[in-house]
Amino acid sequence: MINIRKTHPLMKIVNNAFIDLPAPSNISSWWNFGSLLGICLILQILTGLFLAMHYTADTATAFHSVTHICRDVNYGWIIRYMHANGASMFFICLFMHVGRGLYYGSYTFLETWNIGVILLFATMATAFMGYVLPWGQMSFWGATVITNLLSAIPYIGTDLVEWIWGGFSVDKATLTRFFAFHFILPFIIAALAMVHLLFLHETGSNNPTGIPSDSDKIPFHPYYTIKDILGALLLILILMLLVLFSPDLLGDPDNYTPANPLNTPPHIKPEWYFLFAYAILRSIPNKLGGVLALVLSILILVLMPLLHTSKQRSMMFRPISQCLFWVLVADLLTLTWIGGQPVEYPYITIGQLASIMYFLLILVLMPVASTIENNLLKWK
């Protein structure tokens, strides 16, 4: 009898993607983050769905509906904090996943990589809009500051901002549309993730060496399914430790104050996972320049395949590039720290230096290091 999983039209797709998929025999735990991102997305959609059942997207009642969820809804508090901290876990996995791609040269799979960059943008947009929904002080002022950046676009900027706001300031119309977009975007992300996987399975996975592994493949199940389950258990453990012991650790105390357009918080800052980009934005005195730098700090990932000058794909055997990669990681951590600090000396200077270093590393130093490594190996 022919196995049903290999013949049934639907089961066949699942089988080819998760069971009989030929996978390299040497992929490390850095390859776990793809499945962890899938779990994060499912978790966010499910918790978000239950939150949406009790939330009201109206400026008069939004803040109180979130309070109601936490106080009156059965297990509402755990759903709310799983959703809020789930977003943090999502971004930790995202940054690890992108970092893995940079380190091991996975960006040479062009379609997979570019869809990944679109996924990153979509996830950032979703998270930003989600942060606005509780309608606390930081929600309101974060939305005001970030949407206002679009006014830097020449000629159409002001009209564009008012169009997004649905009026002359962040108000009821803005909150309603942000809720609508925040609800629909995760499903678009899920669809894009499927396309991401589709293109990945056209080429097969990369591996730590960066050398083609067609001669040494193993089935995905049971080897990597069990490995992914371990990763998932660790992810859920860390998430639940965060949710049950310090649910507000990564949040902002200002968001426990209802939004007040007449009172500006002393330090307006986004969630921690946007701080690196926010620091780059703030480090440039010109508004349009700052906005361009902000967009380019993420869009620069699209250029990675063009900036790859090495004859080797992975950084596994390239010590100079490895050092620069970890300098880049340290630089991003510095930017994250600076983004949360007030705009004053010495933070301004550190932020400017870290921003220059970020673009310099990616655009100049890493390609030059790769060329030097080629010459050292006499691979001209």
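Even glycines carry a Cβ here, placed using N, Cα and C.
For 33-53, 77-98, 113-133, 178-198, 226-246, 288-308, 320-340, 347-367, the entry in Swiss-Prot reads transmembrane segment. Residues annotated as heme b b562 binding site in Swiss-Prot: H83, H182. Per Swiss-Prot, the feature heme b b566 binding site maps to H97, H196; the stated evidence is similarity to another entry. According to Swiss-Prot, the ubiquinone binding site annotation covers H201, on the basis of similarity to another entry.
Nonlocal intrachain contacts for the transmembrane segment (347-367), taken as residues 6+ away from its ends with a CB within less than 8 angstroms of a stretch CB, comprise 279-280, 282-284, 293, 296-297, 300, 303-304, 307-309, 321, 324-325, 327-328, 331-332, 334-335, 338-339, 341.
Around the Cβ of H182 (heme b b562 binding site), 21 further Cβ atoms fall within 10 Å across all displayed protein chains. Outside the transmembrane segment (320-340), and at least 6 residues removed from its termini, the chain residues within Cβ reach (under 8 Å) are 99, 102-103, 269-270, 272, 274-280, 282, 310, 347, 350-351, 354-355, 357-358, 361-362, 365-366, 369-370, 372-373. Count of Cβ pairs under 8 Å against the transmembrane segment (33-53): among 113-133, 226-246, 288-308, the largest is for 226-246. A separation of roughly 30 Å, to the nearest angstrom, links the Cα atoms of H83 (heme b b562 binding site) and the residue listed as 'ubiquinone binding site'. With the fewest other C-beta atoms within 10 Å around its C-beta, H201 stands out among the binding-site residues H83, H97, H196, H201.
Between H201 (ubiquinone binding site) and H182 (heme b b562 binding site), the C-alpha separation comes to 29 Å. DSSP assigns the residue listed as 'ubiquinone binding site' to a helix. Between the CA atoms of H196 (heme b b566 binding site) and H182 (heme b b562 binding site) there is a gap of 21 Å. Between the CA atoms of H97 (heme b b566 binding site) and H182 (heme b b562 binding site) there is a gap of 23 Å. When secondary structure is read from DSSP and collapsed to three states, H97 (heme b b566 binding site) falls in the helix class.
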